[in-house]
Amino acid sequence: QANKLRTKTLRNTLNPTWNETLTYYGITDEDMIRKTLRISVCDEDKFRHNEFIGETRIPLKKLKPNQTKNFNICLEKQLPIDKTEDKSLEERGRILISLKYSSQKQGLQVGIMRCAHLAAMDANGYSDPYVKIYLKPDEDKKSKHKTAVKKKTLNPEFNEEFFYEIKHGDLAKKTLEVTVWDYDIGKSNDFIGGVVLGINAKGERLKHWFDCLKNKDKKIERWHTLTNELPGAVLSD
């Protein structure tokens, strides 16, 4: 459900023309090799479950960068789910983070730009997401920053920037913990997913941190995959 996009419903027609563009943000090169776009056509029914009409699948590896490709494909009856797709189930969504060490301000600027296809936490199939960041270790618990809450969306755009005053040399010892939460009134907020950037991280998360340390005064923006496990994080808000 997390990465489901849908068109508007067209009434009383067997020859619908939508002319809509649906966009997936945060698609990596690995996704383009590994993932498949599944397109289903359904009949919306006010009083019963929506009825399935047919579907088709397009492996993303059939596409070339920056080229529009048109397909004219017959719809098939429901296709069995390919079990190799299960790897993507660990994902809880993506987050776009920018990092910049400012030598003028003597500190780290963290931009929380947007999230893409977050896991849905509410019964309506959406979440009310916000993002929380800590720079750890954080003895006096002063490093917490929070974005605004975005209502009823799995693809929120935040575009918020936060600043940590810190010497460049001390940054190597620090870890940036980023968590995404679903805001709920009157009960505890649900943890959607998180990512940790820093010298002890691995892969893209380490590279992003390292590139930030290496390139002072340059804003470096990267997508990261959110997972539901966060080492040593207190999962309460």
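Just so you know, the numbers here start at 1 and follow the chain as drawn.
In case you wondered, yes, glycine gets a Cβ from its N, Cα and C as well.
Taken straight from TrEMBL:
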DOMAIN    1-73  domain 'C2'
DOMAIN    91-224  domain 'C2'
Could you tell me the mean pLDDT over the domain 'C2' (91-224), as a whole number?
92
Write out how many residues of the domain 'C2' (91-224) are helix, how many strand and how many coil, based on DSSP.
16 helix, 63 strand, 55 coil
Helix, strand and coil totals (DSSP H, G, I; E, B; other) for the domain 'C2' (1-73):
9 helix, 17 strand, 47 coil
